[in-house]
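According to TrEMBL, the protein has these features:
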| type | residues | note |
| --- | --- | --- |
| ACT_SITE | E268 | active site, proton donor/acceptor |
| DOMAIN | 17-179 | domain 'Histone acetyl transferase HAT1 N-terminal' |
| DOMAIN | 278-329 | domain 'Histone acetyltransferase type B catalytic subunit C-terminal' |
| SITE | W191 | site 'Interaction with histone H4 N-terminus' |
Amino acid sequence: TFFFPGLTPMEKKLAEYKCNTNEAIQLKLVRFPEDLEDENTTFNPEYSHQVFGDDEVAFGYKGLKILLYYIAGNLSTLFRIEYTARVNEKFDCVEADDVESKIREIIPPGFCTNTDDFVSLLEKEVNFKPFGMLLHTYSIHNEEAGEDITYQIYKADMTCPGFREYHERLQTFLMWFIETASFIDVDDERWNYFLVFEKYNKDGATLFATVGYMTVYNYYVYPDKTRPRVSQMLILPPFQGEGHGAQLLETVHRYYMSSPTVLDITAEDPSENYVKLRDFVLVKLCQDLVCFSPVKLMQGFSQEMVTEAQQKLKINKQHTRRVYEILRLRATNMADAEQSRSYRLDVKRRLIGPYKKKQRELAKMRRCLRPEEMTNQLNQIDLNLQREQLEESFQQLVSDYRRVLERLAQA
């Protein structure tokens, strides 16, 4: 509920009919009928601006609930809207937002609107099996259950029966958890899909629940190579923080590493979290390469590192450089003044690249402007600011790198 002081009685009354859509939308992944009533299985979107506008508000309802429940495996959907009150004609010609059409635009047709139909679909869930080819199986110990839970990663494509429809349901989650999500053109055969499932037991049978997925687009590189680019990656909220992202990314890397036609693997507009994840996975893959031995790390970044990382692990030069800086930090005694200084200079030399480019651009501008328009003072401020920003970037980087190394030590 929103409160707005200093409004007219009419405006106040209308304000009562505004609902925050991130709170109103209730998502569930249902395994058992009792999950429907269990509030602990409910989770909410991080974003709803792509459907409900930048203010993430639905107008016209009190106590609005937008229920989007999915069967855990095949993601058959229950969609229902509930509310305690709705604006009516008595209010100067104001109309409630058409919430239903907005949701229908992103969820595929064929959903249930009542619980009984949904529960009867739940009984058929035992027939659901993952799509495609099994690439990797791993276990994670679950404290709550007091046992190891098994997960599997599959590679699928649109030729798998039923996958197209399943993918349409799966991709609706992107709207709620990726800030700039968009649906992909599934008719383009250059897409690869990698899916994570959990195996669980129900009445003595083994069932599969959807955990997350990744889409990768294979770009053509002249004359006979491809460059797979990670487009979207999502681990569903109930499974986040358990290490599935790292398992998925490493599995996808290993899948492409075995292909002689792949040049290297990149990512489209990666988020901060994805970069941290990638740092961890790539460092884990690279740490045993000969070119990253402590002795070689202390000699600085080399072409040998670039070549070996690309040929053996399909890692590009830019990512190899980050791997080198992380592993060199591990090999460096930062309490030793000389080693610490050498590391700092090495990283800052890379960080200063963009600043130097800016300096060159400024120099060009200076040639076009009259001297009195560009005072010497400006240059001085510029340099001090630059030093501060450089130091700040360096400290931030080292703290990110330390987190990667801590995670690596626990792996």
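Even glycines carry a Cβ here, placed using N, Cα and C.
Regional average pLDDT for the domain 'Histone acetyl transferase HAT1 N-terminal' (17-179) in the model is 94. Residues of the domain 'Histone acetyltransferase type B catalytic subunit C-terminal' (278-329) grouped by DSSP class, helix first, strand second and coil last, total 41 helix, 0 strand, 11 coil. W191 (site 'Interaction with histone H4 N-terminus') and the residue listed as 'active site, proton donor/acceptor' have their C-alpha atoms 14 Å apart, to the nearest angstrom.
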